[in-house]
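Under the heading topological domain 'Extracellular', Swiss-Prot lists 1-19, 71-93, 153-190, 260-269. Positions annotated as transmembrane segment by Swiss-Prot, on the basis of sequence analysis: 20-40, 50-70, 94-114, 132-152, 191-211, 239-259, 270-290. Under the heading topological domain 'Cytoplasmic', Swiss-Prot lists 41-49, 115-131, 212-238, 291-310, citing sequence analysis as support. Residues annotated as disulfide bond in Swiss-Prot: 85-172. Annotated N-linked glycosylation site per Swiss-Prot: 159, in sequence order, evidence recorded as sequence analysis.
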């Protein structure tokens, strides 16, 4: 894949990518400020608000970063130097790792919070925020340290076209690395992502079992008219399942597109599709949070009424 092929990528792909980034930035901004306001209001705030606010902030920064990278991919106006390339590529990789880590730990915290009193997870309910904060800091340090090789492998794109370089944008490229060096950096990253995806799978499986058991108990304890009402626990559980199912599907699809890109010599189209797929969760997940969280709707309603009264 060379830089000329990226410039001449189909216009519909470009429009889709920039639309996704714009919508995602707006949605994550709304979600972040909503939870930020709720954190300052003691009667509305919950411990999980801080983690959702951090996830939305991370996704917001991720989409801004990929927006800058995409602009350099399709609009060859000016050229970045090596320092700018290294900083943006490293920041993007770091924010992607933070997003995966925050999604996993938020899912685990949600699972512990919604678990019934008879569950073995009850003992972690009061300790979980502190433990999860510590785990998050641990994974952040890992991502910061293991991503430092990007400063060595990222350079400003040379003027001469070469098949040895892997073009990222019009200004930035990856230096070719040996198989042993590639394995040395990719193996820890694969293990780390497998661990986080495994935690997401386990906690999601637990929530499926909880939802199924809760539904069966409702059939025995209530009449049909009463059991049709959805409890807050069921609503929250379904929100988790929608988000995590969507996350896992996109993660698998992203890897399929990535290997397809590696298979074909001219993978400019696959490269753009991979970017769109890999950032779809950051764009769509805020809408799921906003639509299923009644507190946000009430907050916006109260703020609108205050503005109208003024």
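Using N, Cα and C of the backbone, Cβ positions are placed for all residues, glycine too.
Contact between the transmembrane segment (270-290) and the transmembrane segment (132-152) is not supported: fewer than 3 Cβ pairs lie under 8 Å, counting only residues 6 or more apart in sequence. When Cβ-Cβ distances below 8 Å are used as the criterion, the topological domain 'Cytoplasmic' (291-310) is approached by residues 31, 34-35, 37-38, 44, 235-236, 238-239 of the same chain, each at least six residues removed from its ends. Only residues 6 or more beyond the boundaries of the transmembrane segment (20-40), in the same chain, are considered here, and those with a CB under 8 A from a CB of the stretch are 46, 49-50, 52-53, 56-57, 59-60, 63-64, 66-67, 70, 276, 279-280, 282-284, 286-287, 289-290, 295-296, 299-300.
Highlighted: of the candidate stretches 50-70, 191-211, 239-259, 191-211 has the greatest count of Cβ pairs under 8 Å to the transmembrane segment (132-152). Long-range neighbours of the topological domain 'Extracellular' (71-93) within the same chain, counting only residues 6 or more positions beyond its ends whose Cβ lies under 8 Å from a Cβ of the stretch, are 3, 6-7, 9, 14, 61-62, 65, 147-148, 150-151, 154-157, 168-172.
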